[in-house]
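This report concerns only the one structure given below.
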Amino acid sequence: MTLGQFGGLFVVYLISVIFILSLTWMEFRRVRFNFNVLFSLLYLLTFYFGFPFTCVLVFRFGVDVVPVQFLLQAMLSATAFYAIYYVSYKTRLRQKTSVPRAPLLTVNRVEANLTWLLLALIAVATVGIFFLNNGFLLFKLRSYSQIFSSDVSGVALKRFFYFFIPAMLVVYFLRQTQRAWLMFLIGTVAFGMLTYVIVGGTRANLIIAFALFLFIGIVRGWITLWMLVAAGAFGIVGMFWLALKRYGLDVSGDYAFYTFLYLTRDTFSPWENLALLWQNYDKIEFQGLAPIARDFYVFIPSWLWPDRPNLVLNSANYFTWEVLNNHSGLAISPTLLGSLVVMGGVLFIPLGAIAVGLVIKWFDWVYELGKNDSNRYKAAILQAFCFGAVFNIIVLTREGVDSFVSRVVFFCLVFGLCLLVAKLLYWLLESAGLIRQRLMRMRATPLVPTPNTVPDPVIKEQL
């Protein structure tokens, strides 16, 4: 990359970032937080945050990168995708109606508490089973890729560890105080550190716990944007340190700075992977929607499907094995746009942008239902569901459409099943006479008593 080529790329980069940041800032000023703001920030992080790191690696350390024309193609396609996404998200499909509708879901106090207890039980039980089978893998494995080897049993259980976070989200949304907010951080980070040591380097639960803590703080006004930036910088350094421990690296001096640059870029902003796909575009055999179906294979136990393929050819594995010819045992993230390119080439990019806009719109709709519901237990469940799905939005932007679809379906099924079991348990307890009603009076004593004072409303709560 020459200085002239860098200058051209920088102009395109600057225009793209200003365009997306302007739209995101206007949305933030309007609502402070919604899933469009979240997706936009994650999108900026994935496709634009890594550009300065790439430039420093090129000019400071002489690292070879993808030819400039493909870097430019990656940047332009990312900007075009966001423009189509934004139009899709903002397009109103039907008129707003003020007519109240009958609630499709009702949740009481007992059901809400049973739901988070079941979610937490799933997470703790699967962590315990994984630990009994494998011990502390962080101190046993010589390399991170060994996690996916046959020596480690019960790898599929890792997908259940995450449900500890939605459980703690329900607890927080039932109270929504600063103390509950801080307890959410302490509990989820402690659990994340435990899973990091047991699994041998998986940082996802830690990243999500910290990110959700920040998002909640922004929503409630407990932290400012400057505090968010400072926390983000702290998070980047923390993730770098955990990455060093994960890969067993001991670095110092210039090499430490070099390692920080490429690990941070690859962790938070694998945008060069999209450029690699454009470079190898003529070698790609479009997979259609097959990667989405294949990604569900990992959720099917081998005892139920004895002939289940051990190697799943989703978009990440196709990119790693077929495009990069990399068989190290780790799957390299193709990003959201990369997965669309693998599935259907250029034509899938606008179609994917429209679909993603509708998905984000749906999450915002559910989130608004939760915020505005008068039943605080139902509101807690709906908001915890939405915030719990943040991990799936991260998967969407970083890993791709196929990984997102399988994970969001899995998340909805487990979360919905816990709520259904909670309702069933409540019905059984109530039928057995173990649920007693607690009467709470909402006292609103007028300053001057009058004969026409309306009696205090009585609200029933289940214990």
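Here the Cβ of each residue, glycine as well, is placed from N, Cα and C on the backbone.
Residues or ranges marked as transmembrane segment by Swiss-Prot on the basis of sequence analysis: 6-26 (among others).
Within its own chain, the transmembrane segment (39-59) is flanked in space by residues 1, 6, 9, 13, 16-17, 20-21, 23-24, 27, 65, 71, 74-75, 78, 82, 258, 261-262, 264-265, 268-272, 274, 335-337, 356, 360, 393-394, 396-398, which lie at least six positions past its ends and keep a Cβ under 8 Å from the stretch. The transmembrane segment annotation in Swiss-Prot covers 39-59 (among others) and rests on sequence analysis.
Under the heading transmembrane segment, Swiss-Prot lists 65-85 (among others), citing sequence analysis as support.
As annotated by Swiss-Prot, transmembrane segment applies to 112-132 (among others).
Taken from Swiss-Prot, the feature transmembrane segment applies to 154-174 (among others), supported by sequence analysis.
Annotated transmembrane segment per Swiss-Prot: 180-200 (among others), in sequence order, evidence recorded as sequence analysis. When Cβ-Cβ distances below 8 Å are used as the criterion, the transmembrane segment (180-200) is approached by residues 123, 127, 130-131, 134-141, 144, 146-147, 158, 161, 164-165, 168-169, 171-172, 174, 206, 208-210, 212-213, 216-217, 220, 222, 242, 246 of the same chain, each at least six residues removed from its ends.
As annotated by Swiss-Prot, transmembrane segment applies to 201-221 (among others), with the evidence given as sequence analysis.
Taken from Swiss-Prot, the feature transmembrane segment applies to 222-242 (among others).
As annotated by Swiss-Prot, transmembrane segment applies to 340-360 (among others), with the evidence given as sequence analysis. Within the chain, the transmembrane segment (340-360) has long-range Cβ neighbours (under 8 A, six or more residues past its boundaries) at 35-36, 39, 77, 80-82, 84-89, 91, 274, 277-278, 281, 284, 286-292, 315, 318-319, 334, 393, 396, 400-402.
What Swiss-Prot lists as transmembrane segment is 377-397 (among others).
Under 8 Å from some Cβ of the transmembrane segment (408-428) lie the Cβ atoms of residues 107-108, 110-112, 114-115, 118-119, 122, 159-160, 163, 166, 296, 299, 381, 385, 388-389, 391-392, 435, 462, all in the same chain and six or more residues away from its ends. Residues annotated as transmembrane segment in Swiss-Prot, with sequence analysis given as evidence: 408-428 (among others).
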Region pair the transmembrane segment (65-85) / the transmembrane segment (6-26), three or more CB pairs under 8 Å: yes
Which of 6-26, 154-174, 377-397 contacts the transmembrane segment (112-132) most, counting Cβ pairs under 8 Å: 154-174
Distal contacts, the transmembrane segment (377-397) - CB-CB under 8 A, six or more residues away: 35, 38-39, 42-43, 45-46, 103, 105-109, 111-112, 115-116, 162, 165-166, 169-170, 172-174, 204, 207-208, 211-212, 215-216, 335-336, 356, 359-360, 363, 366-367, 369-371, 403-404, 407-408, 411, 415, 419
